[in-house]
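> Can you read through this structure? Questions will come right after.
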Amino acid sequence: MENGEIEAAEEGLPMPAPPVGRRYRPVGSDDSAVIQMTSMEPGPAGSTSVTGHDAVTPQPPRSMQEGSSDRATSSGSQRDSKLELFGFDSLVNILGLKSMTGEETQAPSSPREGEDVAITIGRPKETGPKFGTMMGVFVPCLQNILGIIYYIRFTWIVGMAGVWQSLVLVSFCGACTFLTGLSLSAIATNGAMKGGGPYYLIGRALGPEVGISIGLCFFLGNAVAGSMYVLGAVETFLDAVPSAGLFQESVTVVNNTLINGTATAGTATISTPSLHDLQVYGVIVTILLCFIVFGGVKIINKVAPAFLIPVLFSLLCIYLGVFIAPRHNAPKGITGLSLTSLRDNWGSEYQRTNNAGVPDPNGSIYWGFNALVGLFFPAVTGIMAGSNRSASLKDTQRSIPIGTLSATLTTTAMYLLSVLLFGALSTREELLTDRLLTATVAWPTPVVIYIGIILSTLGAALQCLTGAPRLLAAIANDDILPVLNYFKVSEGVEPHAATLFTALICIGCVIIGNLDLITPTITMFFLLCYAGVNLSCFLLDLLDAPSWRPRWKYHHWSLSLVGALLCVVIMFLISWSFTVISLALASLIYYYVSLKGKAGDWGDGFKSAYFQLALRSLRSLGANQVHPKNWYPIPLILCRPWGKLPENVPCHPKLADFANCMKKKGRGMSIFVSTIDGDYHELAEDAKTACHQLEAYIEYKQCEGVAEIIVAPSMSEGFRSIVQTMGLGNLKPNIVVVRYPEIWRRENLTEIPSTFVSIINDCIIANKAVVIVKGLDEWPNEFQRQYGTIDLYWIVRDGGLMLLLSQLLLTKATFESCKIQVFCIAEEDTDAAELKTDVKKFLYDLRMHAEVIVVTMKSWESHVENSSSSAQPDDSQEAYTSARRRISAYLSEMKETTEREGRPQMVDGKQAVVNEEKVDKFLYTMFKLNSTILRHSRMAAVVLVSLPPPPLNHPAYFYMEYMDMLVENVPRMLIVRGYRRDVVTFFT
């Protein structure tokens with residue numbers, strides 16, 4: 001019920017039909033808090049005083065209100081004085097100001113255009129548990145970042161890259177994630193944030209197509225990352241307990257080994273877990289983790305500390321073991337913290353390894369700095385773990401920046417310190433061959449590290465299996481891609497379908513079983529998402545729209561740009577092939593969303609960029625006249641001026657085809673306009689509906705243009721408003737396109753002629769060119785190829801518009817086989833040869849190929865002198881005779897009316913005297929021109945002829961007779977009138 005309907009309902013009056021648009025629930029007396037305002041009607045002074053007690057009146061519980069309906073009824077007069085007089089609901093109920101009364105309300109989200117919004121007032125909707133910065137963001141990010149790479153690959157990376165390149169590697173990757181965290185913080189603090197994490201941020205900044213393409217890639221990255229963590233946990237378990245393996249595999253490698261401190265070539269046999277063991281145990285672990293995820297976020301957050309605390313304890317054991325090394329049972333390669341070891345390990349030693357990562361001169365994999373970036377980068381990912389669960393946070397604008405950046409800085413500092421410690425701890429050979437050097441040096445026993453590794457990787461896998469389904473559900477809930485409808489969930493409901501789908505992807509990657517093959521794929525997906533976040537912040541910060549007011553002030557567009565460039569550089573450093581594949585996948589998703597997705601307007605940054613670019617371009621164009629070389633036709637197309645069309649057809653089907661013919665290679669803009677006769681206040685909603693229909697028609701016809709609907713008392717007044725106000729600066733329409741009213745004689749004898757003449761006169765006064773299309777029903781579409789000629793009857797100087805239109809027609813496939821003929825109309829005493837030479841030279845300078853034909857036509861005076869002679873038979877003679885007879889009858893009727901009423905002669909509501917001789921002269925000229933056209937251009941594909949302006953003091957009915965005489969028996973004609981400027985030029 002609309003606000004305006006409340007009082008009517010209470011007084012028993014009939015309620016009007018609700019208008020289309022947003023619907024808000026009215027403020028009721030049973031709401032928890034109601035702001036009241038005194039009536040504006042005059043009354044006693046005491047009745048207009050408002051105290052703080054009266055301003056906000058707490059209501060009793062609903063159970064108590066049920067018994068007080070009589071009191072509510074008796075207070076109907078008080079309800080008349082609420083904020084309803086403003087026509088909207090109370091801000092207390094709409095904007096969440098009910099916190100004044102101690103209640104919590106959910107922040108409203110912006111609806112899409114055309115959606116009906118129902119705001120529920122009263123007790124807040126039951127939602128899932130909400131978490132703060134520590135458990136909602138910091139812990140999930142820390143669990144995701146501290147994964148398998150640090151425990152079983154980090155010492156190997158230090159041995160391969162050396163200390164100083166490892167420092168560069170960690171700083172390089174850490175800078176990328178830190179700058180991404182800054183951009184994430186800025187966007188996340190720019191308003192209320194719903195579920196979906198980075199997808200929600202990117203989609204609202206760069207549009208639904210980019211958001212979904214990057215969001216789905218990020219979802220795949222999280223799902224695949226879960227499999228990486230599961231494989232790491234299983235591999236560590238099988239290394240710690242080899243007897244648990246169902247299969248056994250021995251890998252023999254050739255390597256330089258140390259015997260008594262001397263480098264000697266030898267053979268070392270190293271056992272590694274079987275691929276089949278990894279697959280079997282990996283699938284089992286994934287299924288067990290899925291059962292935990294199905295329990296919901298509340299159970300996951302209860303389990304998370306159980307995973308994290310042993311991880312932190314294992315890190316402490318590693319650092320204690322590093323400082324007390326070497327112990328009595330330590331391998332010879334562990335030297336303890338030593339400057340000698342640090343110096344020996346300072347440089348890099350890239351070499352080949354086998355598939356297990358063990359150095360082998362005959363190995364199939366060569367590791368360089370680029371490959372190590374791809375291997376290590378997953379160790380710094382995980383910064384989106386908190387934002388992935390944004391729907392479960394109490395305060396996203398506070399928790400996401402603090403929690404994300406704290407986790408990023410903490411882990412980066414730990415990695416940098418670990419590079420120095422591991423580089424000074426042991427020899428390079430020990431770093432490269434001991435897969436679990438962290439467990440070997442840990443104090444008091446390696447078992448602690450095995451437990452820490454397993455729990456850290458399982459915790460990270462748990463976070464991936466938690467965040468990925470929520471990301472997929474958020475994409476599905478936006479209802480852009482119908483194919484994702486299976487994953488839609490209601491608010492507060494766990495995304496079980498999305499969790500099951502994520503688990504299937506994870507199990508599929510677990511079956512692959514190769515950790516080093518999986519990590520580059522994850523890296524690409526994560527980097528693609530990070531680049532999207534940085535570009536989003538860069539675009540929003542650079543455009544600086546009024547809605548861009550982030551609470552996080554420690555950001556700048558230059559930092560976001562550097563972050564995006566770092567992401568791209570890292571992607572190509574790792575593997576250009578993987579980069580191309582990931583970009584191709586994102587592009588395919590983008591194309592699919594553009595093709596199959598539903599339209600959504602989220603106020604993205606691209607729209608803001610287009611707007612600012614358009615404003616800047618408009619200002620640069622200025623208000624001066626455009627040079628002829630830069631002149632583009634901007635047609636204003638009257639869609640339904642006359643002619644009968646079905647109500648659901650907003651425009652003549654061939655008008656868009658003709659509009660496309662006026663553009664070169666489709667470039668240019670058309671403005672489709674229609675008028676609705678009536679009162680604007682009554683027909684505003686009808687105008688919006690008609691505008692949507694017209695926009696759909698334009699899109700269906702694939703015509704670049706915009707739609708406008710004008711409500712006016714009459715079509716003449718509506719067009720007069722349009723021609724004066726439509727457009728901005730030099731982007732105002734310069735050509736008015738209208739269909740010729742061929743039905744005027746049988747449909748409306750008086751209104752159509754006056755409206756038609758009014759439109760032409762308004763165009764002349766507004767300095768707009770006019771193109772009247774006769775035979776629109778027969779106008780060819782893009783598949784109907786035309787042959788023959790395009791004939792121009794060039795009578796007056798029109799700035800070259802007629803010539804330009806003929807050239808534009810030739811650029812279309814429909815008319816490309818036609819040739820142009822230019823007919824110059826001259827009087828009998830004109831030197832035809834000289835005129836033909838001049839016109840040929842003129843067309844040559846304009847770079848136009850056309851045949852020039854000079855046609856002489858007798859003047860009116862010659863016709864009067866020779867009227868006694870017998871006229872030659874002519875196809876138009878009958879039409880000419882009929883027109884003269886009708887005009888004579890109309891004149892006689894005008895004279896009789898004037899004499900009978902005893903008033904001056906009136907023409908279209910104005911006092912005027914009709915010159916009958918000029919009427920005959922005008923009609924005869926049209927007759928002779930029509931005869932000439934039929935004699936030379938009967939088989940032409942289209943005829944273009946100059947439009948004569950309506951003569952002064954001639955009734956509109958007469959002008960229509962003139963025009964009918966001109967177009968008689970010509971199937972397809974464009975009647976063109978230019979305006980006071982050139983649209984073509986000789987010069988380069």
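Every residue gets a Cβ built from N, Cα and C, even glycine.
TrEMBL lists 1-79 with the feature region 'Disordered'. Summarising the annotation, TrEMBL assigns compositional bias 'Polar residues' to 65-78. According to TrEMBL, the feature transmembrane segment maps to 131-152, 164-189, 210-231, 280-300, 307-325, 365-386, 407-427, 447-465, 497-515, 521-543, 564-593. Residues or ranges marked as domain 'Amino acid permease/ SLC12A' in TrEMBL: 136-611. Residues or ranges marked as domain 'SLC12A transporter C-terminal' in TrEMBL: 653-774, 783-987.
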> Select the range from 210-231, 447-465, 521-543 that forms the most Cβ-Cβ pairs under 8 Å with the transmembrane segment (280-300).
447-465
> Given pairs 6 or more apart, does the transmembrane segment (307-325) have at least three Cβ pairs under 8 Å with the transmembrane segment (497-515)?
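Answer no: the transmembrane segment (307-325) and the transmembrane segment (497-515) share fewer than 3 Cβ pairs below 8 Å.
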> Are there residues at least six beyond either end of the transmembrane segment (447-465) with Cβ under 8 Å to its Cβ atoms? List them, or say none.
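Non-local partners: 140, 143-144, 146-148, 151-152, 222-223, 225-227, 229-230, 232-233, 236-237, 239-240, 285-286, 289-290, 292-293, 300, 303-304, 306-308, 310-311, 313-315, 317-318, 382, 385, 436, 438-439, 499, 502-503, 506.
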> Short question: which residues 6 or more past the ends of the transmembrane segment (131-152) have a Cβ under 8 Å from it?
228-229, 231-233, 235-236, 297, 301, 304-305, 307-308, 311, 315, 375-376, 378-383, 385-389, 392-395, 398-400, 402-404, 406-408, 410-411, 415, 418, 435-436, 438-439, 449, 452-453, 456-457, 459-460, 462-464, 466-467, 515, 519
> If I count Cβ-Cβ pairs under 8 A between the transmembrane segment (521-543) and each of 407-427, 497-515, 564-593, which range comes out on top?
564-593
> Tell me the residue counts in helix, strand and coil for the domain 'SLC12A transporter C-terminal' (653-774), as DSSP assigns them.
63 helix, 29 strand, 30 coil
> Using a cut-off of under 8 Å between C-beta atoms, tell me which stretch among 210-231, 365-386, 497-515, 564-593 contacts the transmembrane segment (407-427) the most.
365-386
> Which one of these stretches, 210-231, 497-515, 564-593, has the most C-beta pairs shorter than 8 Å to the transmembrane segment (365-386)?
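When the Cβ pairs under 8 Å are tallied, 564-593 comes out ahead.
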